[in-house]
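Pulled from TrEMBL, these are the features on record:
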type: COMPBIAS; residues: A:94-111; note: compositional bias 'Acidic residues'
type: DOMAIN; residues: A:113-203; note: domain 'ACB'
type: REGION; residues: A:85-111; note: region 'Disordered'
type: REPEAT; residues: A:276-308; note: repeat 'ANK'
type: REPEAT; residues: A:309-341; note: repeat 'ANK'
type: TRANSMEM; residues: A:12-34; note: transmembrane segment
Amino acid sequence: MDDSPQLFQFVQSVLIGVIFSFLLAKLISVVVSFREENLSIVRGDSVEKELKPSSSESMPIIDDSENSGVSVVEPLVIERANLDTVIDGGGGGDGDDDADSDDDWEGVESTELDEEFSAATAFVAAVASDRLSQKVSNDVQLQLYGLYKIATEGPCSVPQPSALKMTARAKWQAWQKLGAMPPEEAMVKYIAIVTALYPTWATGSTSKIKGGESSDATSGYNKGPMGPVFSTFVYEEESGNELKMDAIHAFAREGDWENLLKCIESGVPVNSKDSEGRTALHWAVDRGHLNITELLASKNADVNAKDNEGQSPLHYAAVCEREAIAEFLVKQNAEINLKDNDGNAPFDLCDMKWPLLQHPVA
Amino acid sequence: MVDNNSTSNSPAESQTHNPDGNLPSESGVSIDSLARKVQESLSLAKRHKFWETQPVGQFKDLGDTSLPEGPIEPPTPLTEVKQEPYNLPSLYEWITCDMDSEETCNEVYALLTNNYVEDDENMFRFNYSMGFLRWALRPPGFFKNWHIGVRVKSSKKLVAFITGVPARIRVRDTVVYMAEINFLCVHKKLRSKRLAPVMIKEVTRRVHLENMWQAAYTAGVVLPTPISTCQYWHRSLNPKKLIDVGFSRLGARMTMSRTIKLYKLPDSTATPGFRKMESHDVPAATRLLRNYLSQFLVAPDFDENDVEHWLLPRENVVDSYLVESPETHEITDFCSFYTLPSSILGNQNYTTLKAAYSYYNVSTKTPLLQLMNDALIVAKQNDYDVFNALDVMQNESFLKELKFGPGDGKLHYYLYNYRVNHVLRPSELGLVLL
């Protein structure tokens, strides 16, 4: 029969449709039962990565006309499944110091979808004034509006504006006709429309969301939207500081054991001074590097070397409160009575008044 | 939600929406880096759909002196103010936070301590003490229902907070009843839920219900439109700790030893008669402050009750010192600072940074420089790590000389529903918000 291939195709497509619907229903019921049983499935990073909606790939394209009914619904369901399972997918970092139990946050905290939706709305806000308004029909704009209101405020519960206010009324209708659509669904659809209009809008954002998400998340909040500001010192490179120093001082300052050793072994005098009269030992003590101090002492650095102000490494240890280093220097026979140009011994400069700097006689 | 006319002076108005159905960027809580990047790439004028609907000075009006100074919108009849709270997403509910209750105070403290303002690098987070919060939120005439919380219906967990307190603030010759809005905080896990705009709207509504139509607030971001932009300055008291925790940096050519010497302060104060303020000083301190603050274009209008509340010393909250002339016993000078510690995040050796913030200072006989140096000395004696000051009032005259260094924090001051015709220099501003 001529018809039979067609009939066969028809039956086949019906069967596929039935199977698909069944699977879809099953998936929905699974999702719903997850919700009801309050199962939090996922915490690990691995699953988060697997399930993370990648906006540029899996988002439904709404004007993909062929079988739009399926292509819109299917990703949506998957999206919702993601939503429920990735609920704790923040990846750590933020809020860990808060000793909440995770159950408290089930279904409450921000999700990946929230973040993507935020990004989409921000994108729309950004292009609204120029590109969007030209390219996008009024209908689509109203659709975006309705979805936005559902996602952020829920079902429309405000009275209808008067018929004279055309725009207000059209917007009210766009919102109202979506009825009790769940906010998550509205977000997904909103994102879908934006993605359809601007397939590349999220380019580059997905990778950023994955890497270092938590620090991004918090830093965005530091300066807004209102309230006080946490300020720290602006780092100013000292100008007019004519200090001249050699590599050996810099290595000692940075605690760079290897290069310092090389430097000394290559014949640089261990007691060479910078333009302020400081030796490598002064710098090591100043920055609190005990291991470098020990290294320099083992290379016969002068523990009583004086800088241009007459201060020894022990003065530095006393001022900078480096107790372990001071102890070590004293053991290396650093002179505790050495006076600087102002007549101060290390003990005089030590706020902590360590006994180890006091002369036994006193 | 942000795109409707959120002053809602009348319910009908609150239903007008902007045509694009988009989210204005000032929701600020937007958590995604892309969102920020996009927003930052835009000109200021495009970024503030929310604030463009608000009765605040607009960028486009900057420098237009034909507009009258004063309220932008007249008060609405109280009967037309929306009576019910704004809608929250269905999982949440509004609560009023009773700061008298130990339990509530603890909850608010925990929310802020874990979620409030951090520095740019996320190394520090403000850690307002409970004593501080009670002080800041319960001045004379405060309204309990301006202390607004949002909690999760199911778990009852507090997840967001915003407050207002009443204040009389003088703008030029007019004393205006205002709300000072502060402590807006949304839990880190809810940062992209866009709660901040609805919280701002709700506090505005509750302020309106008390027949107040103006507000003062600060922000680290530029919104339409600052009445003044100030800068923080910092004076190291414990430079070694500040360097160790990353609050300040040690230049490659600078030694720790010399840095410590540079910031060393005398052991005791220099001014004869310099002592802590006591309750019998309130009348004299009030006279001194009122007289001094009258020279600034925008400043609080303090009476004795206010001074007693805001400036009488409270341990680890606010400290005030004054100079009582040893001969005449007249009170001639006054200085004060409040205590705002911060949590140090992720440092093995230190957990808390103890900072003093310059508050109100008045000098008539003692040079301001000497007075503030004595303030630094008492702060150092009490183990503060750093002394911070804005360049408001006459502070600029002592900052550099007393070895304050500039901070990376800019603080913008705003008035809601009150137009000021020119942007104030910090030195014209006599107001410190906590």
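Cβ from N, Cα, C; glycine included.
Bear in mind that TrEMBL entries carry predicted annotations, made automatically and left uncurated.
Since the structure is predicted, the reported quantities are computational estimates derived from the model, not experimental observations.
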DSSP helix/strand/coil residue counts for the repeat 'ANK' (A:309-341): 16 helix, 0 strand, 17 coil
DSSP-derived helix, strand and coil totals, residue by residue, for the domain 'ACB' (A:113-203): 65 helix, 0 strand, 26 coil
DSSP helix/strand/coil residue counts for the repeat 'ANK' (A:276-308): 16 helix, 0 strand, 17 coil
